[in-house]
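Trainee: So Swiss-Prot says this about it:
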ACT_SITE  Glu108  active site, nucleophile
DISULFID  Cys230-Cys239  disulfide bond
DISULFID  Cys276-Cys289  disulfide bond
DOMAIN    24-222  domain 'GH16'
SITE      Asp110  site 'Important for catalytic activity'
Amino acid sequence: MAMGTHFGGLWLALLCMVSATMGAVPRKPVDVPFGRNYVPTWAFDHIKYFNGGSQIQLSLDKYTGTGFQSKGSYLFGHFSMQIKMVPGDSAGTVTAFYLSSQNSEHDEIDFEFLGNRTGQPYILQTNVFTGGKGDREQRIFLWFDPTKEYHSYSVLWNLFLIIFFVDDVPIRVFKNSKDLGVRFPFDQPMKIYSSLWNADDWATRGGLEKTDWSKAPFVASYRSFHVDGCEASVNAKFCDTQGKRWWDQKEFQDLDSFQYRRLRWVRSKYTIYNYCTDRKRYPVMPPECKRDRDI
């Protein structure tokens, strides 16, 4: 796995050198402290603060995990944070970063990092819920060890699409396919959440690998709590700007050719599960898959 990770990094670097100016990546995140945009939600004593709140650590033990959420709710924008995952034997643990509305027919945009035994790679699972319906899981390996250094995980969300980024590499696109009968998150403001919790009933090898509590506490580290979105906590209609925000501009309404090459690189080398190609689960391919170039 180490050799594959090394060559994966070299290939990505070559792509960047060849076409470094072509990709319309989101604006550079602004490094702000935790307390500017976020508050703890549970198990406050399992969150530690460093450097005036510019860095935090979440801790999981056999009694509880912990988590936090944004102060505001947002309708469209760019949201990111840098995370260093639980090192060592992290089997059974899940570190989650996601956006979600607060109702029964909720919308949700998920990053879930599934821990593994020492020496085995993390799995990144993404999912999109619209109108309370999810079941759009995709899983990838990463081309680096996410426990060694901080890496950026971000979401760009506008009226046209949702893009999941890992260090500015697009790993998934979910386009607005309302014309195909697929609901899209466009009118329910979402809060931003993150949590570290035990999910050993499903997270690692379908629940076969259980959390080894002798390795606790499990610690995930965070920094760079970037939020650049339309805060809709008071008036959602204010955010229906019809193209006036930077994230609505033409260059952010689709990936360009360079970004699609990077997405195909992730698809071909690191994807281990894609609901779009699961014919046992979906004998008829979901209508959004072809538009999202997930096949």
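Using N, Cα and C of the backbone, Cβ positions are placed for all residues, glycine too.
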Trainee: What whole-number Å value do you get for the CA-CA distance of Cys289 (disulfide bond) and Glu108 (active site, nucleophile)?
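Mentor: Spelling it out, the Cα of Cys289 (disulfide bond) and the Cα of Glu108 (active site, nucleophile) are 18 Å apart.
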Trainee: Of the disulfide-bonded residues Cys230, Cys239, Cys276, which one sits closest to Asp110 (site 'Important for catalytic activity') when you measure Cα to Cα?
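Mentor: Ranked by Cα distance from Asp110 (site 'Important for catalytic activity'), first place goes to Cys276.
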Trainee: Where Cys230 (disulfide bond) and Glu108 (active site, nucleophile) are concerned, what is their Cα separation in Å, rounded?
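Mentor: Distance (Cα to Cα, whole Å): 17 Å.
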